[in-house]
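Shown next, in structure tokens, is the structure this report addresses.
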Amino acid sequence: MSILAGFKNLLKHSKSSKGRSNASKSVDVSVNRDVAAYTELAAKNVNAGGDEEIRVANYPGLEKYQLIENLGDGAFSQVYKAYSIDRKEHVAVKVIRKYEMNKKQRQGVFKEVNIMRRVKHKNVVNLFDFVETEDFYHLVMELAEGGELFHQIVNFTYFSENLARHIIIQVAEAVKHLHDVCGIVHRDIKPENLLFQPIEYLPSQNYTPPSLEPNKLDEGMFLEGIGAGGIGRILIADFGFSKVVWNSKTATPCGTVGYAAPEIVNDELYSKNVDMWAMGCVLHTMLCGFPPFFDENIKDLASKVVNGEFEFLSPWWDDISDSAKDLITHLLTVDPRERYDIHQFFQHPWIKGESKMPENFTYKPKLHGTPGGPKLSLPRSLVSKGEIDIPTTPIKSATHPLLSSYSEPKTPGVSSVHEAMGVAYDIRRLNHLGFSPEQLSKKSMNTGSIKELILDEETTTDDDDYIISSFPLNDTLGSEGKDPFSLNLKESSLYSRRSAKRVN
């Protein structure tokens, strides 16, 4: 039994049990609009993730919200699904334990809140309210009922080009608004930070799974402008890494008008193109099911990211259009001056849905189809039945404020993709700050976390630019600096199964 099969069973169980739980605890909110009554109801609600009743905490400052269930836990926070008495709709409430944070971390919360307040876009999670009490910060945000896009990639193994295009265009619309209207770069665009509003699932007629993926689920009928696979509107979340690169009032890079140094202007270009690089990673991951950069050794991984060493591996990319590969290549170009900006992105034929290839076709595929070829690394998308460890209760994520209702199994396959992507994204940010691959490897083990590296570089000169990293590096490095999760192609049962079918 594959990890994906086990994961799918878990999702089905979670969805059905959650439906029963929601039905059993539904409350007629029209009975009483009194604040005290809602406060009492909040204390009686239970966590929908398990059978055992767990009381949802009642926090000062949230009297206008009925807390319904705990969606997940973070390093300093908990996220709840709640009902807003004033708005008369469900919202997500992020409760941050202020008393556990130092000055820099508290500044980071205010920076994130201030950035979210200036962004209003249909593809960005909306911040409705911010409440500060003596011990807590409360962020009241738009609720994305579908959860993280990452879980849907795992659920469907990979997406069709139509669905991937539907998603990445919405991400790009949000990025364009951030860059051109708000003067903001996100700097942490990845599947875990892309949420979605669900749509009705419409099964395909006479669906036949791909020969190389006989267990691949049907993502359903694709409807232009609506979506497929239950995925509708996309929302970018988590602005903990984001940065203001120009002042909206002056429409210039941050600083006095006419006095911006060339390096400040260049920093705007480089910063924006970090988001474009991340979009390339997301598109690559959606189309094949694993990220473009991965390696067993952190130093080698850093080198691959910095030098743009990725491959369109066969057989995974055999049936994907050359036009899609060309777009990804332009997005993952090492030199940010040569990398596509957001306007070039929208002009690409693949984004427009055109069948023609670009005139200057640039991608150079590196295909390795046999285990006997050069050593490659690949996240283990499938594992044996004995390796599956499906938890009885939902596993809480510490990396994202708004969590999917899906429960994530503790398996090498899923966690490997999470970790590989997290390392690659953080390395790219550090490279933007001027670190070489050798420095990245050395400093990573000395400081113990990428968070500390970025914090040292960015907060020594600007307290307002504090960022919170969600990826502690010492979680992936052993005592000798070796990576404990396996990313070797030869050990991948996904690769083995596909190769066997090609031979037969």
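For all residues, glycine too, the Cβ spot is worked out from N, Cα and C.
What Swiss-Prot annotates here:
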type: DOMAIN; residues: 65-351; note: domain 'Protein kinase'
type: BINDING; residues: LEU71, GLY72, ASP73, GLY74, ALA75, PHE76, SER77, GLN78, VAL79, LYS94; note: ATP binding site
type: ACT_SITE; residues: ASP188; note: active site, proton acceptor
type: MOD_RES; residues: THR252; note: phosphothreonine
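Distribution of Swiss-Prot features across the structure.
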| residue | record | CB count, 10 Å |
| --- | --- | --- |
| LEU71 | ATP binding site | 27 |
| ASP73 | ATP binding site | 14 |
| ALA75 | ATP binding site | 15 |
| SER77 | ATP binding site | 20 |
| VAL79 | ATP binding site | 25 |
| ASP188 | active site, proton acceptor | 27 |
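The average pLDDT the prediction assigns to the domain 'Protein kinase' (65-351) is 90.
DSSP gives ASP73 (ATP binding site) a strand state.
If you measure from the Cα atom of SER77 (ATP binding site) to that of ASP188 (active site, proton acceptor), you get 19 Å.
DSSP gives ASP188 (active site, proton acceptor) a coil state; it is part of no helix or strand.
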